[in-house]
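Enquirer: One structure is given below, represented as structure tokens, and several questions about it will come after.
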Amino acid sequence: MGRESGASEIEIKVQGLQGDNDLNPAVSPFPASQPPGCRGLPPPEHRPFRRWTPWLVPAFVLANLVVFAVIMYENDCPKTYMGDCVAVFLGRFAFQPLKENPLFGPSSSTLEKMGALDVRKVVHEHQGWRLISCIWLHAGVIHVLANMLSLLLIGIRLEQEFGFARIGLLYAISGFGGSLMSALFIKSSISVGASGALFGLLGGMLSELLTNWTIYTNKCAALFTLVLIIAINLAVGVLPHVDNFAHIGGFVSGFLLGFVLLIRPHFGWVAQKNVPPGYLATPVKHKHKLYQYILWIIAAILLIVGFTIGILMLFRGVNANDYCSWCHYLSCVPTSIRSCSSSTISCLSSQEGNSLNLMCGGNRRARSYLLPNATEAQIEELCSQLCS
């Protein structure tokens, strides 16, 4: 029903920079020449990279929670749904029935109204803003709390290391990339959630580790841990009702952005610029290594070309599944009890006074609802429930 985030239980434990942003004496290029009277003493502590105070990530978390509260207020289950709402003591903040939304949240029609990703509206009604707005919406309490916990665990450390500007861009652009890929492959349902942006942060962490390889200790352990976490969470994306295309699109976008936004000077340059008084360092001419420049250029080109092609395909109504017959398995693995094929839901409806009569065209179920002057959105919502 949305991006029930595969990133909901991510905890990143990557080894920090050498000495947690300190120059490591074991590999320092300058401790050999100490001033008289200082021989045998450890070199002074230095912090070559600025440590930022994180505020943007907590602001993102607060914004997501506020938006979810607004959605629940707008949903107003006791008034708009003729059935058993969950936690009715919450008043208009009560949740939809669990058979409709097991994540304790609003109806899909409310999410669509508030800006969920709906490909038909993006393409045919020129509502491209939904590619961004859906990142800030969540399908339920479980969904929003899981994503926000993941955002705090991942984002705080990244913002401390790289600052709010770069991490804000990484988060937003990765979220857009996830929405774009989701829209190209998933045409029959709406999608919401910050999972694409979260996977973008993971992708950025991986590329940052690779491009800044020289300043890390325990490189292989950090790389193995991060790759394992990413693989597990992508595997979770094949579960029902999880939009793994948003995860993959966000991850690829973040991975490429990491080479562009999170590049740092190599260790020799950092050491040279932070030599304590009385110490000598080997002169280093270039701030970055050649491979860092090459990765930066390649990643920037792939990002521009990829987003351009994706946007053109989307607004021309292209279904990416037509060009990749196996790609749907990336988001859904069929089993003996579940099929990955999508089917069109339709109902026959008739309004008789205060009663709305519906019959599902698929399973032929019929039901009457006490609902005078039913709107199109309400009919679609009830039809979805009746046919599920």
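Backbone N, Cα and C define each Cβ position, glycine as well.
Automatic, uncurated: that is what TrEMBL annotation is.
Here's the feature list from TrEMBL:
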type: TRANSMEM; residues: 55-73; note: transmembrane segment
type: DOMAIN; residues: 126-262; note: domain 'Peptidase S54 rhomboid'
type: TRANSMEM; residues: 135-156; note: transmembrane segment
type: TRANSMEM; residues: 168-186; note: transmembrane segment
type: TRANSMEM; residues: 192-213; note: transmembrane segment
type: TRANSMEM; residues: 220-239; note: transmembrane segment
type: TRANSMEM; residues: 245-263; note: transmembrane segment
type: TRANSMEM; residues: 293-315; note: transmembrane segment
Enquirer: Within the domain 'Peptidase S54 rhomboid' (126-262), what mean pLDDT does the predicted structure show?
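Expert: Mean pLDDT for the domain 'Peptidase S54 rhomboid' (126-262): 91.
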Enquirer: Could you count the residues of the domain 'Peptidase S54 rhomboid' (126-262) that DSSP puts in helix, in strand and in coil?
Expert: 107 helix, 3 strand, 27 coil
Enquirer: Restricting to CB pairs under 8 Å, which listed stretch, 135-156, 192-213, 220-239, 245-263, 293-315, is in contact most with the transmembrane segment (168-186)?
Expert: 245-263
Enquirer: Quick one: do the transmembrane segment (293-315) and the transmembrane segment (192-213) reach 3+ CB pairs under 8 Å, ignoring pairs fewer than 6 apart in sequence?
Expert: yes
